[in-house]
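**Q** Below, the features straight out of TrEMBL:
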| type | residues | note |
| --- | --- | --- |
| ACT_SITE | 13 | active site |
| ACT_SITE | 87 | active site |
| DOMAIN | 4-190 | domain 'L-asparaginase N-terminal' |
| DOMAIN | 205-311 | domain 'Asparaginase/glutaminase C-terminal' |
C-alpha cells in the first residue's frame, strides 16, 4: 500500500533562487515536488507551506510551528512527514522536534546544498530520498535527516562541510541507513534515540559561550547580567575550560543559572577528569552538568526545552541521551 506523506516546506537553499540582492527562498512546496517527476511512485503526497525563510534565521517559535504542522499531519492520518529546510540549522530543528514530539510516524528533514537554479542541484534527489525513507515500513517514528542518499538520526547528524553535497554525517555513529537506487539498506535500527522533553515551545533563553586558549569569563558575565536562564559552555577536550571561565561558571551556578559543559571535539563524550581551575572535575564539583557527546548547539536546544518544561528536572534530562 502506498504511504501518505505530508511535505512541510519552510524555505532554505532547496527553495531559493538567485537575484540582484543575493539568493532568497522563493519556491513553494508544489514547485519543489514538481522537480521530482517520479516522486509520486513512492507515496501519495500533500503539501503545506509553514514558512519561507533561510534556516540561519530560524528560531524556536518557527521550529515549534513546524512541530505543530507535523503533529497535525499525523493526527489527520499521514504515515510520515517530510520537512524541506535549509541546511545551516537543520540539525538543530530536527533535534528540537526529536526531543519535543512523540509521534507514531517519522519526521524526515531534507534540503539542498545547491539551489534549484544551479547546475546539478541536489534538492530533487534529496527530496526523493526523504520521501522514500519516510515511506519505509521500518521507519515508524523518530526524527531524521535524509541527505545524499543517507538517513541520519536527528540526535547524531551534523553538517560537516560548507559546500559538499554529502555534507551531513553522524560522527562516531554513522548513518541509520543508505537509501540506494535498489532499496533502503539499514545499518542500525531506526527510531528516536533522544530524551523525551514533551514541550513544543522553548520559552527560555540559553546563551552559548566557547572556551579556547586565553578566553576570559567576560562573555559569561555579560550573559548572566542580561538575565539568561541557562548557559552552555563549549569546552575543549573532555569538557575543560580556562580557569577564568571556570570561575565564571562557578559564579553563574551560584546565581541559580544552570550550566551545561560540552566539547568542541567532533566525536566523543565529555567527562569530569581534570581537577585544576576550569578542569572538568572541578566544574562538576561546582555543579555543572555535562552534555555527553552532544555538540554545544544541540545541548543548547536541549537545555532550552528542559527549562521550558513543567515538572522535569534538568539534571535528569542530561542524564539521558
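For all residues, glycine too, the Cβ spot is worked out from N, Cα and C.
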**Q** Determine, to the nearest whole angstrom, how far the Cα atom of residue 87 (active site) is from the Cα atom of residue 13 (active site).
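**A** Counting only the Cα atoms, the answer is 8 Å.
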**Q** When the domain 'Asparaginase/glutaminase C-terminal' (205-311) is classified with DSSP, how many of its residues are helical, how many are strand and how many are coil?
**A** 39 helix, 20 strand, 48 coil
**Q** Within its own chain, what residues at least 6 apart in sequence put their Cβ under 8 Å from the Cβ of residue 13 (active site), listed in sequence order?
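**A** Expected: 23, 54, 86, 87, 111, 112, 113, 114, 115, 123.
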**Q** Around residue 87 (active site), how many other C-beta atoms are within 10 angstroms of its C-beta?
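**A** The answer is 25 other Cβ atoms.
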**Q** So, three-state DSSP: helix, strand or coil for residue 13 (active site)?
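**A** Where residue 13 (active site) sits, the three-state DSSP reduction gives helix.
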